[in-house]
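Novice: I'd like to ask you about the structure that follows.
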Amino acid sequence: MKLGTKSCADRRRGELFLWNALTIVVAYGSPDRIASRLDRANQEFEVLRHWEASAAWNASIQINIWNQNELKQVQNEKELWKLHTCTDLEHIVEHLSTNISRDQSRQISLFCRGPKYTPELSRAFEEVQQELYRIYHTSLVCYGDFCEHGEPELARRMEQSRDPQFLLTIWHAWRHRVGPKGKPLYRDMVQIMNQAARRNGAKATDGIGYAKEVHDLPKIENEVKRLYDEILPFYQRLHAWVRFRLSKFYGEDLIERLRPLPAHLLAIYMVNIKGNMWAQSWEAIADLIVPEDLLGSNQDFTLEDVLAISNLSVVDMAKSAEEYFVSMGFQPMTSSFWRYSQLEKPVDPGFPTSCHPSSLDLYNGDDFRIELCGQQTWDTFLTLHHEMGHIQYYMNYHHQPPIFRDGANPSFHESIGDCINYGIQSPAFLKRFGLKSKLEPNVMIGHLLKQALSRIPLIVWSYVVDQWRWDVFSEKVPFTEWNDHWWDLREQIQGVQSPLPRHPDSFDPMAKFHIPDNSPYIPYFFAGFLQVQLYERLCQVEHGSTIDVHQCDLWGAKRAGHVLRSLMSAGQSQPWKRVLMDNLGMASISAQPLLRYYDPLIRWLDEMIERESIPIGW
């Protein structure tokens, strides 16, 4: 944040609130007051979101007390403005309920849902969340001759190690560093958010009630359980194979035959959107899990060879992601994107910076950005496509009123880039890098196994994280049992256990970015299914219903691109089920496309489990 801008910003904010107060008087005396009031609310909302996004960007790329205070101030003012605006809109609705259009009613409902903060609650919430954020991003783990942050420095250390004692030490040290400090703050945040939620008629803000509202799923718990149960046999087989292979490497003293997997041995941490220091993705241990006969020769398909062959820099990878979307008929990135995005970690910046991959809409026309500490890895290549999927979504619904500028539901935003990533990992696309366009059946199994190690545990992990959040915010679990409940869920649902007894002060959920950031995780659960659903349907639109999805490349797929842009352009102006039906002919999220995609791997796992007499379950 440049010096001298704060007073100017304060003047602009004062003008905005004076403008808002005047329009309340005008609106109540206007014959078309609801339309006039909503138009003004959208204009003001766009201005405030721009200020908030700008402050959030500064507070993320340069973590210091000044930028954090500026962000808190903007967010407090936004909440105060929202409180006044929603009160005004609700009063108008009471008097004009029969004259409000469906579109107007939807805007008001979307805008005014969720916690209702007083100025005092807003200030308290922002102070607590900023401190949680600071703890996560500035905490250091010291070992031997190094002291490093959780993201991304420890990643490189853990990537290079198969020493179980080193992995255990780092696993414990990170949780010990952030957990005890974050636990009382997280309790404060839960209490503040629940107070704000109850002021808006909800029992708990991030309990099951709020999740139902945001996802427009009155029985969301049944929907989550249904999808989990459908993929559970696949997950159990994958889990059994991973446990079998790890026991071959580490020995049965560390990996017991019918026990949950020790979390630290799944924690070979690579920097990506999925992370791995939390055992939510197992891709980084693929070298231990994928048998050599599934890897093929040097001329066969290997993801790791792609960057070595092409020697792409991080900027080159971003350009490649842009080219993929443009080939489907999307617009290229704006000049502001290339000017302001941070694609690599600054060299010796002199201040902490967030390395958690993220994308941002600055709400000022054409300013969209990615923040990433990218490296010359395949993982960064995929992450850039994922984040650019968010940017393309921002650009395609930009014509909508600001209240409608969001995904059809939170899962849609997380699905677009990963839908494209399925195509990027197809042999047909990778032929462009000099790799084979057709794979031998055994090599295709190896390819699917690597993908499954990345994607399937993430779905199950997502269920664990938000089930824990729902239970905590709904006050079903006492504060003293938060950490025990975390590990109970991880064992029951994920089949993963803590490698060490946990101290009463432990707060292991704090080790994952989305907990201190207060970001729900259930969108990633639904997105794990929706991305394959989208990919299968787009392949059929472009190549016909008989296409083998394993050979489907969406590069240059103009018809598929048209369908995808139509879906994205709706924003959240329509219920998500209608958006899905209108564009893809589907009325719900289904596990069947995912199971069809991985069917060759599932059949192979069944053969291996029978051949090796591998036990299933934990």
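Glycine is treated like the rest: Cβ placed from N, Cα and C.
As listed in TrEMBL for this protein:
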- Glu387: active site, proton acceptor 1 (ACT_SITE)
- Glu387: active site, proton acceptor 2 (ACT_SITE)
- His514: active site, proton donor 1 (ACT_SITE)
- His514: active site, proton donor 2 (ACT_SITE)
- His386, His390, Glu414: Zn(2+) 2 binding site (BINDING)
- Cys142-Cys147: disulfide bond (DISULFID)
- Cys355-Cys373: disulfide bond (DISULFID)
- Cys539-Cys552: disulfide bond (DISULFID)
Novice: To see if you understand the setup: which same-chain residues, six or more apart in sequence, place their Cβ under 8 Å from that of Cys147 (disulfide bond)?
Specialist: Leu140, Val141
Novice: Rounded to the nearest angstrom, how far is the Cα of Cys355 (disulfide bond) from the Cα of the residue listed as 'active site, proton donor 1'?
Specialist: 13
Novice: How far is it from Glu387 (active site, proton acceptor 1) to Glu414 (Zn(2+) 2 binding site), counting Cα to Cα, in Å?
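Specialist: Computed Cα spacing between Glu387 (active site, proton acceptor 1) and Glu414 (Zn(2+) 2 binding site) is 9 Å.
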Novice: Going by C-alpha distance, which of the disulfide-bonded residues Cys142, Cys373, Cys539 is nearest to His390 (Zn(2+) 2 binding site)?
Specialist: Cys373
Novice: Using DSSP with the three-state reduction, classify Cys142 (disulfide bond) as helix, strand or coil.
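Specialist: Going by the DSSP assignment, Cys142 (disulfide bond) falls within a strand, counted as strand.
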Novice: Could you tell me which three-state DSSP class His390 (Zn(2+) 2 binding site) falls into?
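Specialist: Note: His390 (Zn(2+) 2 binding site) is helical by DSSP.
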Novice: From the Cα of Glu414 (Zn(2+) 2 binding site) across to the Cα of Cys552 (disulfide bond), what is the distance in angstrom?
Specialist: 21
Novice: Looking at the recorded positions His386, His390, His514, which sits with the largest number of other Cβ atoms within 10 Å of its Cβ?
Specialist: His386
Novice: Does DSSP give Cys539 (disulfide bond) helix, strand or coil?
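Specialist: Its secondary structure by DSSP: helix.
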Novice: Provide the three-state secondary structure of Glu414 (Zn(2+) 2 binding site) computed with DSSP.
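Specialist: Once the DSSP labels are grouped into three classes, Glu414 (Zn(2+) 2 binding site) ends up as helix.
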Novice: When DSSP is mapped onto helix/strand/coil, what comes out for Cys147 (disulfide bond)?
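Specialist: Looking at the DSSP assignment, Cys147 (disulfide bond) belongs to a strand.
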